[in-house]
Amino acid sequence: MTQQRTLKNTIRATGVGLHSGDKVYMTLRPAPVDHGIVFRRVDLEPVVEVPADAELVTETTLCTGLTCNGAKIQTVEHLMSALAGLGVDNVIVELSSAELPIMDGSSGPFVFLLQSAGIVEQNKAKRFIRIKQPVEVREGDKVARFEPYEGYKLGFTIEFNHPMIPAKQSRQEIEFSTSAYVKEISRARTFGFMRDLEYMRERNLGLGGSMDNAIVLDEFRVLNEDGLRYTNEFVRHKILDAIGDLYLAGGAILGAYEGFKSGHALNNKLVRALLADQAAWEWVSFPEGTEQPPVTYASPVYA
């Protein structure tokens, strides 16, 4: 039986918001079965809860943001990605600000945080969203697509006219499992170009950005002293983002995802298109005594 998972203990972290630059206190708490992932703005009076739901996405410019009852939660994708990677279904995320902390720009610190809290199995089967028919969305030359597949596979292709991102390092595929996610995807950082900085600052974006939490490129090279963590870190980060964006569907995906120059907006459009097409997907679970799911999660981490 593949059971739902939550945290064993409450755990806290502090950081800055990538776009707001605000200091933010974050607390992750265990949650009961079928609760799902819910963000809680504890700085508001009264406190407002914002479920991790693709239908609540209102912001897709350089991050994924949710709005519910007037309360915003920005830059959810890296934590959502870590939760998906470790198979966590139920958690309460308390925040003292409208944006999650960026940490080092990857989901690695969130993975460490979740493992430190401990992950426990709950007494109910985990629910998966099984893709039954292809679903595709396009925007110009950008494409995002789901197809039926026995497991969870992600493929992504980026196209940047930059010497540090040659064509041979612009494609990545991953057969999803916790170990593959942690090793191959979780440490890939967000990235940005110096030329875009002015655009971002004019829109009050990237105010908390620095080389401590992003890969920064000028016209020719990577400016970070330590260089890259993977030769194709850029496309790996796009997969990290996609895993987080797709987890807003409300369950773990069983299917194949393909992205070509996709981003937060198109990923969200794909999830909405999928959920709107009742014939294209179904809920499935794997209760005790039935077949094993075609996706491997790590054994629970008892902190």
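Just so it is clear, glycine is given a Cβ too, placed from its N, Cα and C backbone atoms.
For Asp241 (Zn(2+) binding site), the same-chain residues lying six or more positions away in sequence with a CB closer than 8 A to its CB are Thr64, Glu77, His78, Ser81, Gly263, His264, Asn267. The annotation Zn(2+) binding site is assigned in Swiss-Prot to His78, His237, Asp241 on the grounds of sequence analysis.
Among the features that Swiss-Prot reports, active site, proton donor is placed at His264, with the record citing sequence analysis.
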Nonlocal residues around His237 (Zn(2+) binding site), in sequence order (Cβ under 8 Å, 6 or more apart): Ser106, Ala188, Arg189, Thr190, Phe191
Number of other Cβ atoms within 10 Å of the Cβ of His264 (active site, proton donor) across all protein chains: 22
Extra residues within 8 Å (Cβ to Cβ centroid of His78, His237, Asp241), Zn(2+): Glu77, Ser81, Ser106, Ser107, Ala188, Arg189, Thr190, Lys238, Leu240, Gly244
